[in-house]
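Engineer: Have a look at this one before I ask anything.
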């Protein structure tokens, strides 16, 4: 028995020491820049989105015949884990796209190329300022740049608003609550709901900035324990507790279809509404979110694109990323997106109306939102804090904590994670 | 007298050689990852940079991590409820449908189906059933009885009951099949003898069926326990929010989804490995206790 135990211990120790002998990270040797190259671009999204980005890749190939770029789909559900596996094994894609903060997180661990080395910080002049800031690391490294933009809009049922005697959608917080009251009085059972960001920090984000608050100060100090943050949360909580906004998230198009009069939803909803909900055709419209006491800020999201540090073709990859900001690449992507009825808003604000796949009227609403838009904080510790912040917001909405306590708790977690 | 090494090799060499492919795969895909994960649990490995050894830090942090403790609490509640209900219902179904007739076979097939269906597909189905507003199946049924739309997935108090319901519904068919096999192995003579002695149906069940099904019960409980502790898809697919795996107020946060979140969303693979080893120890100890209890009861 003793011999068996000793043998088992020895084997285990040997295995553990072998496991400990993990080697360091080797530098990736770069291929000659003029040699024929095939680059792999892992694009997070659907197959249709892969197809639209492949159009830009094909155009790049036409201009650089010795470079071929193959775009592959990563579904949102498992993209992050697959990219982490690729980064761990230092093999896989040359170019990646995904959530706005992903490239920062991979970059901070040495898995992405700092695109400043290839002069891509010059793209800042073309990008939406807040979205650019959100894509840049706190130390200034540019591990990824925005690939597209997304935002929120207020969708509304024109017939139900008319029924309630409202001739225009609400433009301010006061008008929103007044409109909800009128809709209720007119017999509309579901006056208001929120799709993207319901019970979540993204939903609160809009009210916070509209009240003049922020998650962090410009030097990344948590700033949720402020009167502005309290005012925003009190108003948001009232929308649920006083005005009956549902805590369950229903996609904006389904909500409108089942009789909700005013719905806050993502820009992509506008693209598919007439196809997915033909009965709603002519009965819905959209506008920007109601403005708060400090103005009309709206959340900006989107995807970031960057080059992996284990790519043998970093220079070509960076050149392709730059190419994605060119007029011709955007035109090729938009043309294909229109053919496939896909939502696509380029990362350049000057192109939102001129070259997005939306109708000019819809694009104008988004352009207005982007002009005052803010993006997610890129401060250290935000990703770790976000679930706890949402939990505190939920506590306030569900009546488990008062507004001030919930925000103080959220700020405490953010401070602890800020390091 | 021991056979010399040479003799042993001659005698068993071919057998060992034939075992080699299995042993190589076993070592590469089980022993090696296990050892690696044990080592990583003592480091701050982020998945990309070389691991830094930090001793027991990860385990110490776990004891003060509110979300992990919350996940343990949620998981314990879920395990007790789902294993208890699942076992009782499996036995009930087996007693109801253990006959050789077609109707019983069809019913057994119907209840067994969820066990062989892809769990992802099942969870997507549940998501549709629990869909909020009045378009989901559950709310449609509630509306038939005049009820208003229920926020099934956004009401913290409903999260664990829903997860238990999903687990029991999906797993009771498998337990039923095991119990049916167990029932089939009980000699009919015992029942005949008991009947002649005038034992009631309840007494026959209490004193013949239940004791003789003890090995099956132990198996159903132990495998149910292991499965329930490792619940993942149900939480990840049905209750995942925009940025959190635990649903509203973390009401559905369980150990494995939290492990996944820490390891694969926040790059804390060392910390996630520590969670995995704590989970292993919990399951190991509970399984031992269960097996020992099963044996002790048999000896009574």
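Yeah, the Cβs are placed from backbone N, Cα and C, and that goes for glycine too.
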Engineer: Match it up for me: which of B:216-239, B:240-263 does TrEMBL list as transmembrane segment?
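Structural biologist: Comparing B:216-239, B:240-263 with TrEMBL, transmembrane segment matches B:216-239.
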Engineer: Of the ranges B:109-129, B:172-192, which one does TrEMBL list as transmembrane segment?
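Structural biologist: That would be B:109-129, the stretch labelled transmembrane segment in TrEMBL.
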Engineer: Given a Cβ distance threshold of under 8 angstroms, which distant residues of the chain, six or more beyond its ends, lie next to the transmembrane segment (B:269-291)?
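Structural biologist: 37-38, 40-47, 51, 54, 58-59, 61-62, 68, 218, 221-222, 225-226, 229-230, 255-256, 258-260, 262-263.
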Engineer: Of the stretches B:12-35, B:149-169, B:216-239, which racks up the most C-beta pairs under 8 Å with the transmembrane segment (B:109-129)?
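Structural biologist: Between the candidates B:12-35, B:149-169, B:216-239, the best contact partner of the transmembrane segment (B:109-129) is B:216-239.
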Engineer: I need to check the long-range neighbours of the transmembrane segment (B:12-35): which residues 6 or more away from its ends have a CB within less than 8 Å of a CB in the stretch?
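Structural biologist: Those are none; the list is empty.
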